[in-house]
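Listed in TrEMBL for this protein:
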- 1-290: domain 'Glycoside hydrolase family 29 N-terminal' (DOMAIN)
- Cys219: site 'May be important for catalysis' (SITE)
- 301-389: domain 'Alpha-L-fucosidase C-terminal' (DOMAIN)
Amino acid sequence: WYWQKEKREPYVKFMDTNYPPSFSYEDFGPLFTAEFFDANQWADILKASGARYVVLTSKHHEGFTLWGSKYSWNWNAVDVGPKRDLVAELAASVRNRTDLHFGLYHSLFEWFNPLFLEDATNAFKTRKFPTSKSLPELYEIVTKYQPEIIWSDGDGNAPDTYWNSTGFLAWLYNDSPVRDTVVTNDRWGTGSMCTHGGFYTCRDHYNPGHLLPHKWENCMTIDRHSWGYRRDAPLRDYLAIEDLVKELAETVSCGGNLLMNIGPTHDGRIAVVFEERLRQMGAWLEVNGEAIYGTKPWRAQNDTVTPGVWYTFSPKEGKVNAIFLNWPISGILELGEPQAKIGETQVKLAGYKDLLKWVALGEKGMVIALPQLTPQQLPCQWGWTLQLTDVN
């Protein structure tokens, strides 16, 4: 898109420098080889990340499908390049080796598809593209792979009536093989984002910082500048684990889910920097998972006195979780929101055995004495959780 449509100078120059003069986008097909793609290895990394679901891009805006779609002749991973059904392989590994829910991303429109361009020229009064390509593909992936998440994207500035989104969704929720298990997002045509859908995405990198009345997802990238893999990306362009833990705490406290994007390589690998981030996240969740999984937003999302403290609520245990991102030098953490009850309220540090001492601050708020620990004794890095029981 940047190279051929917008003709942005760095992209045009990159192609001129690194590829033969007549090289077309289609010529990338055979270069996408995936020879190192090992679905079991991917599944193991995904499991180690502590994730509860995974969404694979089955087809992006250039129309290349990662399964052997009969609606994408000679422009799919079975006919060209890997000569493998990558969707089937990952679905099988995720289901056999993990408890993760398996989801599929699918782009409705395609940048350069002549049928779509013709419909767009006709102001979407004709519907050649959705009826012959986009919708058949959606029915195909649901029937064939039975994903539990359909992550739709790319409305191409066309209304939901052009895509027949309501017709497809009615089938999905009433008659499809996943009708009892599937969830969908909100990208089904112009004007539907943040308005209709099982969960809202609103926009890429969406993190409102306050509670939303509807379930939502923060869909963001570990590489600050790209949804794909960049061979030339320097380390500073990747979010550090501290950034990711902060993003997770903020998102969950405001009622959202976090969908972290990683771009795999053309030869089928999850780059080591992405693997490290995922495993770090898993290590953090191993200690602090109770403050994330199965939680609901509390009456306050972040603390009024100490910045960098985010709250979640565990309804089963009746616990308030205070996730704090900075360990105070004084060893004393002041919280402005919880109302403690003398003789009843208990405070624990996740991953540490002893109860902590605390003092109430008038009507509202409390001061907590953190244990004096060496860096080696800390239960985890990058952020910690206080578990408060019997607080108002």
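The backbone N, Cα and C atoms fix where each Cβ goes, and this holds for glycine too.
Automated prediction, rather than curation, is the source of TrEMBL annotations.
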Surrounding CB atoms that lie within 10 Å of the CB of Cys219 (site 'May be important for catalysis'), all protein chains: 24
Tally of residues which DSSP labels helix, strand or coil - the domain 'Alpha-L-fucosidase C-terminal' (301-389): 0 helix, 36 strand, 53 coil
Reported mean pLDDT - the domain 'Alpha-L-fucosidase C-terminal' (301-389): 96
